[in-house]
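Look at TrEMBL and you will find His494, Asp542, Glu551 tagged as active site. Annotation source TrEMBL lists domain 'Glycoside hydrolase family 9' at 271-564. According to TrEMBL, the feature transmembrane segment maps to 77-96.
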Amino acid sequence: MHSANHWGGSFEIYSGAESTTDDEKSRNIEWDKAALQPQHHHLDETQQSWLLYPQETKKKKYVDLGCVSCSHKALKWTLYAFVFALLVIALPTILAKTLPKHKSKPPPADNYTIALQKALLFFNAQKSGKLPKNNGIPWRGDSGLQDGNGTVDFSKAGLVGGYYDAGDNSKFHFPMAFAMTMLSWSVIEYRQKYEAIGEYQHTRDLIRWGTDYLLLTFNSSASKIDKIYCQVGGSRNGSTLPDDHYCWQRPEDMEYPRPVQYSETIKPIQKKLAKGAATVYAFARDNGRRRAYSSGNDYIEPYYNSSGYYDEYIWGATWLYYATGNISYIKLATQPGFSKHSKALLSISDLSVPSWDNKLPAAMLLLTRYRLFLNPGYPYEEMLSMYHKKTELNMCSYFQQFKVFNWTKGGMVQLNKGRPQPLQYVANAAFLASLYVDYLNATRVPGFNCGPKFISLDRLRSFATSQINYILGDNPMKMSYVVGYGTKFPRHVHHRGASIPTDKTRYSCTGGWKWRDSSKPNPHNITGAMVGGPDGFDQFRDVRTNYNFTEPTLAGNAVLAAALVSLTSNGGIGIDKNSIFTAVPPLYPPTPPPPPAWKP
């Protein structure tokens, strides 16, 4: 018997003679059974090195990628990582760009936006000429297609197109030009708001409809003109001949003569083509023809009489400077003689009321904008600073505490001093006040002074909102003076087209009188029309024949739209500071003249 192997291994046993070959040795090997029993001896490192054979290690496989060699395993995990990144990162990105996008809902429209969208529709209802298919007013059709035929010698289109001014079928170019300018101004300042409410392109189309027509009123391809057309249709006071006032007919049914008025001078500068505007401005400045366009014309004076033209000189020159960058226009706009002849800097309350006839408050605000944002300095600073100060005084006059204008008990400022149709003046002042707030906010100025009183911007904005809210229904009558806005609004609007049903009957000049005199509501609501407004006691008579209460106007609706877009919160707050100055080059003011020589 052999004792157990204390080393934990096995012994070889030889029987008989020693084998001479390795095969024989291997066949004669026997294992000691004791060595197979579990042992409890702990082997140190030396013992383990004697008895344990080195284990064979598995060779790594490598992949040759040309310039780089890497292990097969590393390559595999790299590919896994790439596929994972593709699924987790790239795939969602691809899907996000290819799948249909669901736009987030815009914020709900505020009351000013709702009213604005309606106010713009009024212009669609006032269109003359061949109407586009998408005009959107089902009770309106083509009209005035013979206007100007045989009269205008420089245009094959005659005078077809444009807008009817109010509830009659006359086209007055003087207030039409003002309306297009005010709409354009509001788009320049508040483009982002028009875009946010989906009305940007619509408003541009409305402006183009008017300005394309105004370009027909003179030879816009010429550098110098000697005639400009200022009116189509109209009437003489007290006339009993068939015309736009004596007859009560839809514009589609007109069959009476529509005389065309022209003038040797007129001032409607519109931003359509700079060349055309410059031509008209040069015509208005011609020394041989300077007089108000309405002078001596009994078709115009009773309706849109011009009280002067120096305010238009300042107004037109300022817009032409912004449109062209031609420095000669800013020199004209700041010419001291213009302020003198227009009485712009005098304390005359009527001259602080903006309107189609008085552009001074708007023109001075437009020049104040120039001073606030570009600060041109010498030689314009002296006149610009005076216009800036007068602009602040105009704003001060709108506050009840300074007692420049009377106010109704219901809260309406009487800018036209109790005369009829007050709302267009109220809306005009509200727009200028709101716009001035945005100018000062953009320059981080908190307010201005009215004498010793400091007026915060919040107070001026409150004036603007209070007047527009009055128009929209916050008044003693609890009535909205914008047709279609709210539940209570005028139903007997003084408007020929809206008051006559589209029943396939052609009513004659006097046959339409029964609709004029009817006590029934209009068969068509002329949506968005702002009527003339209440009297000085906040009372309103919804009677069709009383045009002072119930007739809307093109100029009135333009300033209403401008005021509404300035006040809406849709599309953010504030103005577009820079777009209006796109054509204005950098100013390098000339060196001031040297001081006089010192004398001992």
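The backbone N, Cα and C atoms fix where each Cβ goes, glycine too.
For Asp542 (active site) paired with Glu551 (active site), the C-alpha to C-alpha distance reads 10 Å. The most densely surrounded of the active-site residues Asp542, Glu551 is Glu551 (count of other Cβ atoms within 10 A of its Cβ). For the domain 'Glycoside hydrolase family 9' (271-564), the mean pLDDT of the prediction comes to 95. Glu551 (active site) sits 5 Å from His494 (active site), counting Cα to Cα. A C-beta separation below 8 Å, combined with a sequence spacing of at least six in one chain, links His494 (active site) to Ala166, Gly167, Val531, Arg544, Thr545, Asn546, Tyr547, Phe549, Thr550, Glu551.
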